[in-house]
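Swiss-Prot lists 28-176 with the feature domain 'Tyrosine-protein phosphatase'. Summarising the annotation, Swiss-Prot assigns phosphoserine to SER184, SER193, SER201. Look at Swiss-Prot and you will find 197-223 tagged as region 'Disordered'.
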Amino acid sequence: MEDVKLEFPSLPQCKEDAEEWTYPMRREMQEILPGLFLGPYSSAMKSKLPILQKHGITHIICIRQNIEANFIKPNFQQLFRYLVLDIADNPVENIIRFFPMTKEFIDGSLQMGGKVLVHGNAGISRSAAFVIAYIMETFGMKYRDAFAYVQERRFCINPNAGFVHQLQEYEAIYLAKLTIQMMSPLQIERSLSVHSGTTGSLKRTHEEEDDFGTMQVATAQNG
């Protein structure tokens, strides 16, 4: 594949006056990027409406599994736009398939001047994984760097081992996707031609080896 230079925006730096982390802060939401918040369900409960409005929240991503639907609910559907994802906090759960739609949802909100809260139950594993994935793809970061960036703002994050593995795999996936999107039709055609040419060369090499072997056998028989 031809080299394509990908360009990413600069990552916002940590605020110098950031609060020192304390245990009760895990029950609150934190602003990870300008306009992007991460927190537990307790930060999106009915009693927290004044706080959500104070921070200008307009969109909410609610991550839960089916058995949690009775108590983790989109409480303000008339006030905020919701994206509800049914995902279990299970290492074998496939979360990569949801990354494109969550990125589109967050990007759409931020582009129109809105603010997004991403929450699961505790705001530690599932929701943290999605915020990390968003930062990776938006700013061209590796998993470990995106994790560290989010943890500076919400210290208690701890995606399960299966989610970590998928996030590490996602780096190659999003880079390949963005590279193809940046390539012109001519570049794509050339890349395919190079690939086909390599395959053809290998095929010709094997055919030539077979022909040479046949010649050796014929020579031996005639001798």
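Every residue gets a Cβ built from N, Cα and C, even glycine.
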>> Just to be sure I understand, if DSSP states are collapsed into helix, strand and coil, how many residues of the domain 'Tyrosine-protein phosphatase' (28-176) fall in each?
In response: 73 helix, 24 strand, 52 coil
>> Considering every residue in the domain 'Tyrosine-protein phosphatase' (28-176), what is the mean pLDDT value?
In response: 97
